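Chemist: According to Swiss-Prot:
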| type | residues | note |
| --- | --- | --- |
| TRANSMEM | 4-24 | transmembrane segment |
| TRANSMEM | 41-61 | transmembrane segment |
| TRANSMEM | 84-104 | transmembrane segment |
| TRANSMEM | 116-136 | transmembrane segment |
| TRANSMEM | 160-180 | transmembrane segment |
| TRANSMEM | 185-205 | transmembrane segment |
| TRANSMEM | 216-236 | transmembrane segment |
| TRANSMEM | 246-266 | transmembrane segment |
Amino acid sequence: MKEILIIIILGIVEGITEFFPISSNGHLILINYIFNIDKENIQNIIKIIQIGPIFSIILLFKEKIKKSITFFYFNINNIKKKLILILFNLVLSCIPISILGFMFYKKLEEFYSPKYISYFLILGSIFFILSEFISLKKIKIDNFKKISFLKYFIIGSSQCFSLLPGVSRLGITISIGLILNIDRYVLFKFSMILFSSIMPAVLILEVYKNFFYLKENIFFVIIGVMSSFLTSLIFGRTAIKIMKNTSLIIFAIYRIFIACIILFTCN
């Protein structure tokens, strides 16, 4: 019963934190140390329960996805060059983090400790605050079509930093994008698209690597995934509204607070 409760808590935390630049991995690993979960088990669970938010993101943006599919199906011979470039740039943005993730995933696991998480939470927060001040009073790019090839590539490359637990994929996307003069809501949507594009490949790799563990613990895996899916689906629309206009400084303060708690309680 205790194990089921912990898995549900992990799923709820994943479902909420995935929509904010506060590092879902950092929070899940903090819970690991609170409940004293085996390190190997928590890493397996963290990666697998991210399936939930992926499905919720697809459902939350289903109308836009449906329109895109309909457009391609009925207008295959009339696709505008600009749209093709946008899709190409989105795919290109996934490449840097995919390559580094596959090459160094073993090495990156060494950073899954409270000490490193707290350091990366603080460093990320400092960068978030700086990005808000750098982008102050600039006219923002408010459409995917206006984002240049170079800016797509820079944002995509910056995703590599989010491989470090505590940095936040969403946070690094928005902060780099703000510096590049892009609207924060456009960046939020872009980050969600990147997440739903990259994570399926990562999850396939994790299932392959941990097949026997997952097979033996399939009941807990299902509970964790369902918990994260339902939470992110219920909370997703509210999170989207919050992220439209909320400064990264608010989240940076929270991250520093969490980092201090981790430093003083988990080390």
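Here the Cβ of each residue, glycine as well, is placed from N, Cα and C on the backbone.
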Chemist: At a Cβ cut-off of 8 Å, and with pairs 6 or more apart in sequence only, do we get at least 3 pairs between the transmembrane segment (246-266) and the transmembrane segment (41-61), yes or no?
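Modeler: With fewer than 3 qualifying Cβ pairs, these stretches do not touch.
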Chemist: State, in range form, which of 41-61, 116-136, 160-180, 216-236 has the highest count of Cβ pairs under 8 Å to the transmembrane segment (4-24).
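Modeler: Ranked by Cβ pairs under 8 Å, first place goes to 216-236.
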Chemist: Taking a Cβ cut-off under 8 Å, which residues six or more beyond the ends of the transmembrane segment (216-236) line up next to it in the same chain?
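Modeler: Tertiary neighbours of the transmembrane segment (216-236) are 3-4, 7-8, 10-12, 14-16, 18-19, 45, 48-53, 55-57, 59-60.
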